[in-house]
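Visitor: Got a structure here, written out as structure tokens. Questions coming.
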């Protein structure tokens with residue numbers, strides 16, 4: 001190529017890059033057509049990726065296929081730079097199958113081509129395909145290779161995905177690849193999902209030792225992860241040491257306080273944010289409403305709701321109305337909660353009706369429970385929890401015939417209780433409690449009728465004159481260690497207020513609030529409804545279904561009702 005032609009090619013390449021960055025994709029394609037028509041200019045591997053980027057932005061699959069043919073005729077398919085761009089555009093705009101065929105036909109595949117195909121599988125939620133391709137890599141994986149798989153596993157929502165993400169991170173380090181900031185951010189959802197408090201501390205220490213420059217996303221994620229793992233004091237320290245804060249980091253801290261039932265501290269963070277001239281958004285107000293809800297501060301929550309709509313001019317969403325229903329229901333103001341539901345813009349959500357139904361069980365309101373259950377049966381007909389709650393309300397009110405009718409309705413519709421599990425961590429060992437056998441409603445674990453006389457007043461099983469076994473459901477559980485073989489068979493029961501508990505060595509351990517991150521060392525001597533958490537570790541203790549208190553701040557047993565029977 002003559003020098004002047006080379007200068008023309010460089011000039012065209014710069015113009016194509018400039019047009020693409022400015023979003024002028026039509027002009028970029030027109031420029032490429034003019035360039036392609038010139039007989040004196042030959043394409044190189046740096047031009048086609050720019051053109052493909054504009055074609056992908058305009059969703060032009062036929063043009064992409066033309067570029068593919070052009071690359072084949074020009075002998076540019078051997079370039080990994082061109083191959084990776086073609087695979088990426090085909091996967092995003094044509095089909096994943098076409099992208100995989102193009103990937104398989106590539107004669108030279110470097111790590112960029114492999115990462116491109118793996119990321120396409122991850123974007124398509126095809127985690128199986130991504131893992132299979134990751135295992136077939138014939139080149140050394142890079143940080144991007146691991147990060148893509150780790151992020152997909154963390155956000156997979158499955159029972160084993162988060163644990164596998166953490167395991168892959170350890171393999172990444174064993175292979176000599178050092179995690180970076182993207183890796184840490186990708187691990188946060190996995191840590192939150194399983195409450196791995198020890199691992200989040202490892203992540204934090206790794207970032208400090210390796211001088212990984214933190215940013216707002218890192219700080220906010222660290223605050224949220226520490227809070228969900230039961231380490232509120234660590235979350236508070238991270239927030240206070242942040243050099244810069246925005247509405248996201250402030251919202252994370254408010255959510256942390258809300259999760260642990262510290263409404264006053266959540267309000268103080270909100271005031272501090274206002275003093276720093278940080279404009280709150282809808283998510284911030286939703287977090288502050290939840291903080292008030294978990295602490296029973298209905299009047300304060302209503303004031304914040306008025307501030308959101310009146311002072312800041314934000315339009316309340318269904319989430320805000322559902323939170324209002326929840327906090328009014330927790331406060332026993334069921335009629336007001338029902339009025340809020342009727343005044344909601346659009347149809348009431350499952351969360352709103354579910355909160356009302358759960359509160360009806362706590363306060364013995366049969367009439368509103370029937371209304372809420374009827375709506376829930378239509379919205380989510382396959383949710384067995386709604387049937388269980390209504391049957392429990394009937395049983396608590398002594399209406400055993402109605403409870404039996406709900407059970408028969410459940411059987412007629414083919415609604416069954418799905419398997420549940422809860423993971424807790426003790427030291428470096430993680431334990432999973434899983435349902436393995438579902439007992440018929442109306443029977444205990446021995447197959448005996450639940451319509452038995454309540455235990456004598458003063459006995460461990462007596463609580464307000466009600467029998468938790470009679471008013472609930474018995475499900476056989478497994479306590480299974482992720483780090484050791486075998487399992488210990490236990491029994492899980494759901495009491496009158498939805499609290500779940502296990503029979504351990506003849507005693508009862510409540511696990512309804514033994515969520516991930518809580519250190520469970522012993523069973524309280526007081527029998528039912530109690531659980532102790534030692535070593536000063538903060539245990540998540542849902543108060544009425546959401547808030548939590550620290551083991552070091554609440555003396556005695558960590559007993560509290562939980563509206564939601566699942567855990």
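Positions of Cβ are set from backbone N, Cα and C atoms, glycine also.
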Visitor: Any idea which of 159-179, 180-200, 201-221 is down as transmembrane segment in TrEMBL?
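Guide: Going through 159-179, 180-200, 201-221 one by one, TrEMBL flags 180-200 as transmembrane segment.
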Visitor: Within the same chain, where does the repeat 'PPR' (110-144) have neighbours whose Cβ lies under 8 angstroms from its own Cβ atoms, ignoring anything closer than 6 residues to its ends? I mean 6 or more beyond.
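Guide: For the repeat 'PPR' (110-144), the nonlocal Cβ contacts are 80-81, 83-84, 87-88, 91-92, 96, 99-100, 103, 151-153, 156, 161, 172, 175, 177-180, 182-183.
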Visitor: Quick check on the repeat 'PPR' (110-144): DSSP residue counts for helix, strand, coil, in that order please.
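Guide: When I sort the residues of the repeat 'PPR' (110-144) into the three classes, I find 24 helix, 0 strand, 11 coil.
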Visitor: Average the per-residue pLDDT over the repeat 'PPR' (110-144) and send me the rounded value.
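Guide: It averages 93.
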Visitor: Under DSSP, the repeat 'PPR' (383-417) has how many residues in helix, strand and coil?
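Guide: Summed by class, the stretch gives 26 helix, 0 strand, 9 coil.
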